[in-house]
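S.K.: The structure that follows is given in the form of structure tokens.
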Amino acid sequence: MENIMTLPKIKHVRAWFIGGATAEKGAGGGDYHDQGGNHWIDDHIATPMSKYRDYEQSRQSFGINVLGTLIVEVEAENGQTGFAVSTAGEMGCFIVEKHLNRFIEGKCVSDIKLIHDQMLGATMYYSGSGGLVMNTISCVDLALWDLFGKVVGLPVYKLLGGAVRDEIQFYATGARPDLAKEMGFIGGKMPTHWGPHDGDAGIRKDAAMVADMREKCGPDFWLMLDCWMSQDVNYATKLAHACAPFNLKWIEECLPPQQYEGYRELKRNAPAGMMVTSGEHHGTLQSFRTLAETGIDIMQPDVGWCGGLTTLVEIAALAKSRGQLVVPHGSSVYSHHAVITFTNTPFSEFLMTSPDCSTLRPQFDPILLDELVPVNGRIHKSVLDKPGFGVELNRDCHLKRPYSH
């Protein structure tokens, strides 16, 4: 009889943060909105707050970067550690150290689903269907997968059953799709800059931006728009039709997450051949089931916000059963190891975090060491062949641990 590997138990869980409202601006890391000045991601981009003049020029003006990065580390009895990052900052540290720790410490490193279910159940009364608490749970879940992979000596994608393709191809999100094309990406997604409060003039301006990029990128390069919850159904429908002559591939997250009926109406009225996508700010499997029922074409969960890798795998299975695609919101290595195992994820997102989109910078820089970037718009599965998620924590980032237990 062959010996079965004895797995260690989890001895410690620890939580740090960097950046956020209590730190110097521009820390980056898991909260990739926390950038310095003159960065495209904090330019005049349409948001739900754009209707207020005091908050229309910059997303940081209304506090998009106040949370900062949460770092969760889990340590096994044998001294091996796993970690992950997300957007939850100091408040996430409190939740981990003062509440979730009881469900983690003392469990076997393979008890990921048990821990996940207990975290969801224990926070249900104050978590709702997403947000800060779900970000924190996601971060813990990812750290557990990282630890499990390191203990057994396998990359996370092999723990999920292995790759279904040799490489991942990417589109780039940023202000310069023309530069993304030169770098080998299959498409470029731009933020919109105007919203319903700008009326038809706003529609004309964003449509002109798409037209300009279509001329620069040629007829076949994918172009998409990210609307970041800033529109209503009528405005989004008019914008979609205004952009249809320029072969817009999809229009993304036009409405707030809870407006399921609005997404159903938008999908029904969108131009033929143009896809409607959303999901970045949805959390929990149940919310994605409701979103799937609207008939949108692509669901876009963020693995660091939706409940972690455990939930992302469930969302992908749900979408597959309905013939829908899952293309996660860009989350670097945490997405790479998942999507290379999904048959309904033919491409993925890479978020351009360099200020002017002219260079490739790792998304969670500087908090992750050895973080991958695409080469000619692609990442081959062979570069994922390191235990866990294949990255290490940069402990020179002035990590702060405000709580302990």
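Glycine residues also receive a Cβ, built from the backbone N, Cα and C atoms like all the rest.
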S.K.: Record says D226, E280 bind Mg(2+). Source is Swiss-Prot. Which of E252, E261, E314 does it list for that same site?
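M.R.: Of the residues offered, the record points to E252.
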S.K.: From H33, H39, H99, H380, grab the residue that Swiss-Prot records in the same substrate site as R59, E349.
M.R.: H33
S.K.: Which binding-site residues are spatial neighbours of E280 (Mg(2+) binding site) here, meaning Cα within 10 Å, out of H33, R59, E349?
M.R.: none
S.K.: In whole Å, how far is E349 (substrate binding site) from E252 (Mg(2+) binding site) when you measure between their Cα atoms?
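M.R.: Given the Cα positions, E252 (Mg(2+) binding site) is 13 Å from E349 (substrate binding site).
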S.K.: Check the Cα distances from H329 (active site, proton acceptor) to each of the binding-site residues H33, R59, D226 and keep only the ones within 10 Å.
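M.R.: Correct set: empty; none qualify.
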S.K.: Cα-Cα, whole number of Å: R59 (substrate binding site) versus D226 (Mg(2+) binding site)?
M.R.: 14
